[in-house]
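> One structure is given below, represented as structure tokens, and several questions about it will come after.
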Amino acid sequence: MSEAEKKASQDAQHKEPMADSETQLDSDSAPSSQAEKPAKTKYPLSFWLAFGALCLTGLISAMEGSIVSTSLPSIIAELKAAFQPLYGQLADLWGRRYVMILATAIFLLGSGICGGANSMDMLIWGRAVQGIGAGGINMLVDLIICDLVPMRERGNFIGLLFLFVSIGTTSGPIIGGALTDNTTWRWVFYINLPMGGAALVLLVLFLQVKWKKELSTRDRLKRIDVVGNAILVGATFSILYALTYGGTRYPWSAANIVAPFVLGFVGLGIFIAWESNKRWCPYPVMPLHHFNSRTASASFFISFMTMILAFWVVYFYPVYFQSVLGNTPTISGVHLLPFEVSFPIFAAVGGGLVSKTGRYKPIHMVATSIVTIAIGASSVLTQHTHKAAWAVLQIFIGMGLGSLISTTLQAVQAGLPESETAASTATWAYMRSLGTIWGVSVPAAIFNNRFDQLSGQLDPSIRDNFVRGQAYEHATAQFVQSFEPATREVVIGAYTDALRRVWLVSIAFGAVTVLSTLFEKELTLRTELDSEFGLAEKKGDAKGDVERGEGQNDSREGGQNENV
């Protein structure tokens, strides 16, 4: 047996027993070791340079997601979800540095194709390439932070990263509008090239991290789960297609919506069967034993629901501002600032609390409860509601969702060994990305269905403008204000009623998320970094670049395992 084959056998044996030898911890109290505040890790300049490059790359990717006109098919942009597990597998085989540089280069290539597009087909293909690159960036920045920072302290840096991501998300529409008004639409894409180019240079110069080089290229290629990735991409694409066009371009009952839905979920079933077969799939792209841990499973679900509820707010508060209050898109964006500002602030606060206390379950329970109450209370908003009411509600929603976004990854990884960081981060990113498209499609379906029920109140001469998914498309102040006063009041009343249904249904989604936190256990967050992909060591420095404080726990034995 060759050395590579021996290594492969050892790796496979190392991963399988994880979920069966779990040490059960009290779910209601933190382990005693967490009560002691660990020594603060000191990070060298090389770490901060690498972290700065990651933040800039994350900012550009986030800005791309909000700068581009929503008229482009969202299925293209959301295709990135399907490739994130593959990026995780590639990062384990070829190291984080090269895969991160590759993802950034793919993103820039897609931006260049879009900017130079001379047809809609070329633009759509460019967006597909750009989205695949963005998906890798979004997953890899979190993964690399996990490689460079002990688990106990990751919340601090993930929260800081989300500050940059939120800057990109918030500034995107403003920059996009300014570029479109003063130059050409092509600069909406070209602007990524100088900024992304600078980020790429920083990554090449400062992202100097270790990686395993003992395998040959041939052995690495054998470890790529080609079949599993292909099935997952196909199944994800089918579901995204149905969610994107169902209720808008086609009725939900149409065969060309039902068929992709069925094929997508059948595909996911086949994917699960493939990944669980050790003979066919010795190196799964998404190890299913991660879901044997009830804490990891609950945290994956909370991550998915967090993004659903976040996009629920991001897409339907503007509908309220424009169709009910009569705000312009610009003013609507300003009115969304309480959420957009509170979200990253509390992402940093939530991450900091986990780092300080070593506990994530209480934060998840409180945060999900706050979100459920605040998003449900949005159902009382009307044309005459004082602006302080919707501003405060947004702040509370941002408080809850922000606290969740920066703390669920630690809960996922607490019961897993460090060797599975890439796979668990990729699965976490995949769940979050899926949540974004469900977070638009589900409330849109509820909204349009309710508006169809209310269409009988409208004058027959205008009714066709609001049925079969058109109510959401026409939710603009310009359109609503175009009617005479009496008709306008009826239309505004219908929008208010449809939005009320959207917010009331959101309570059920929030309540399920609250209940899911009860399945989490409070596992110890490791305070010592033990990664094979940390900062590259300097010559003569066996300890590497990161200076560690005294009294840190050894994590080389892998993650804690909990009895399910």
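Here the Cβ of each residue, glycine as well, is placed from N, Cα and C on the backbone.
Checked Swiss-Prot, it gives:
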REGION    1-37  region 'Disordered'
COMPBIAS  1-18  compositional bias 'Basic and acidic residues'
COMPBIAS  21-35  compositional bias 'Polar residues'
TRANSMEM  43-63  transmembrane segment
TRANSMEM  98-118  transmembrane segment
TRANSMEM  131-151  transmembrane segment
TRANSMEM  157-177  transmembrane segment
CARBOHYD  N182  N-linked glycosylation site
TRANSMEM  187-207  transmembrane segment
TRANSMEM  226-246  transmembrane segment
TRANSMEM  300-320  transmembrane segment
TRANSMEM  334-354  transmembrane segment
TRANSMEM  362-382  transmembrane segment
TRANSMEM  389-409  transmembrane segment
TRANSMEM  427-447  transmembrane segment
TRANSMEM  502-522  transmembrane segment
REGION    540-564  region 'Disordered'
CARBOHYD  N553  N-linked glycosylation site
> Can we call the transmembrane segment (98-118) and the transmembrane segment (187-207) in contact, meaning three or more C-beta pairs below 8 angstroms at a sequence separation of 6+?
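Output yes: the transmembrane segment (98-118) sits against the transmembrane segment (187-207).
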> Take a look at 43-63, 226-246, 362-382 and tell me which one has the most Cβ pairs under 8 Å to the transmembrane segment (389-409).
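It is 362-382 that shares the most Cβ pairs under 8 Å with the transmembrane segment (389-409).
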> Under 8 Å, at least three CB pairs between the transmembrane segment (362-382) and the transmembrane segment (300-320) (pairs 6 or more apart)?
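Since 3 or more Cβ pairs under 8 Å link them, the transmembrane segment (362-382) and the transmembrane segment (300-320) do come into contact.
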> Kindly say whether the transmembrane segment (43-63) and the transmembrane segment (187-207) touch, using the definition of 3 or more Cβ pairs under 8 Å where each pair is 6 or more positions apart.
yes
> Please work out the number of neighbouring Cβ atoms within 10 Å of the Cβ of N182 (N-linked glycosylation site), leaving out its own Cβ.
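Looking across every protein chain shown, the total is 8.
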> Six or more residues out from either end of the transmembrane segment (427-447), which same-chain residues have a Cβ under 8 Å from its Cβ atoms?
74, 78, 80-81, 84-85, 88, 135, 138-139, 142, 236, 240, 243-244, 246-248, 252, 286, 290, 299-301, 303-312, 314-316, 319, 408-409, 412, 469, 471-472, 498-499, 501-502, 505-506, 509
> According to DSSP, folded down to helix, strand and coil, what is N182 (N-linked glycosylation site)?
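In three-state terms, N182 (N-linked glycosylation site) counts as helix.
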> Contact between the transmembrane segment (157-177) and the transmembrane segment (334-354) is defined here as three or more C-beta pairs under 8 Å separated by at least 6 residues; is that satisfied?
yes
> For the transmembrane segment (300-320), what are the same-chain contacts with Cβ under 8 Å, counting residues 6+ beyond its ends?
290-291, 329, 332-333, 335-336, 339, 343, 364, 368, 371, 375, 378, 381, 390, 394, 397, 401, 404-405, 408-409, 411-412, 427-428, 431-436, 438-440, 442-444, 447, 472, 475, 495, 499, 502-503, 506, 509-510, 512-513, 516-517
